[in-house]
């Protein structure tokens, strides 16, 4: 009888825990995805802060030339970064217990792999938590779908690209100048500016900025005034009010006359779907482009293929970009190799005389 009562009490505790985890009455919704999200993001954040402040230099290229990234080793907020895991480790799973000592783990850039893997797991769980909360509230799942765009982008640069290139040392450093270095090297090695998916991503980001500004300014300019001239128009809004807060007919008419009639939405729902879908699809394409270039399916490289009727080369901006890429690649990892791969693969010119 005692054993039966204890089991029932245990089940009751588990049931109360389940109800608390999945309750939508909590100030912050936890959910089953949150059970995994909270420890992974806390771990990633804690290790990032500690490593950014005090991590020793990392032998990123595997040639015994460690690179400093922390504040205590001479960097500032702009130049500091979490240096990626050493090329000597490659794609190996490298937890602390796989190293001979903590010093070795730090020297080989173990914190980077720890942070990145916990971060990716955490943001994926955050996306799942968004879906879970939407489901329990009876909402549609599009919030989680929209969030999948930055999750896909982060996964592309932190996981897919290193897998394609064969080493976590090719991942994006976790810092401001390190991010810029990653972008420059990526352009040099993959010609991303000439990749159609990157172009779609640029259209998504810049286009969504334009559309967001246009929508916000149109709504703000066509508010239904509920206050006097001496009060802010914003004071006329009550949270949860059933009435429209702005005149969509006026906004539609203004924009239709400014450009042309069918450039303006007359359906608020389709308008907001468009505002959400445009940047999400653009960033999806960018993430897909990074993932394809990870396996060296690179951007267009015309290689002086534009010629006139006589076969003479017509120089284009694409050729200028190619020359810039070679210059950037020469400067990249200059102590790890003598020549960029594009130059080293060519035959040596013949010398007469």
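Heads up, the Cβ atoms here are built off N, Cα and C, so glycines get one too.
Record features (Swiss-Prot):
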{"type": "BINDING", "residues": "118", "note": "chlorophyll a ChlzD1 binding site"}
{"type": "BINDING", "residues": "198", "note": "chlorophyll a PD1 binding site"}
{"type": "BINDING", "residues": "215, 264, 265", "note": "quinone binding site"}
{"type": "SITE", "residues": "190", "note": "site 'Stabilizes free radical intermediate'"}
{"type": "TRANSMEM", "residues": "29-46", "note": "transmembrane segment"}
{"type": "TRANSMEM", "residues": "118-133", "note": "transmembrane segment"}
{"type": "TRANSMEM", "residues": "142-156", "note": "transmembrane segment"}
{"type": "TRANSMEM", "residues": "197-218", "note": "transmembrane segment"}
{"type": "TRANSMEM", "residues": "274-288", "note": "transmembrane segment"}
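Here the features listed in Swiss-Prot are painted onto the structure.
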residue	record	Cβ neighbours (10 Å)
118	chlorophyll a ChlzD1 binding site	20
190	site 'Stabilizes free radical intermediate'	24
198	chlorophyll a PD1 binding site	22
215	quinone binding site	17
264	quinone binding site	18
265	quinone binding site	19
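Comparing residue 264 (quinone binding site) with the residue listed as 'chlorophyll a PD1 binding site', their Cα atoms are 27 Å apart once rounded. Cβ proximity to the quinone site centre (mean Cβ of 215, 264, 265, cutoff 8 Å) flags the following additional same-chain residues: 214, 218, 251, 252, 255, 271. Binding of quinone is attributed in the record to 215, 264, 265, and the widest Cα separation among these residues amounts to 11 Å. Rounded to a whole number, the distance between the Cα atoms of the residue listed as 'chlorophyll a PD1 binding site' and residue 265 (quinone binding site) is 28 Å.
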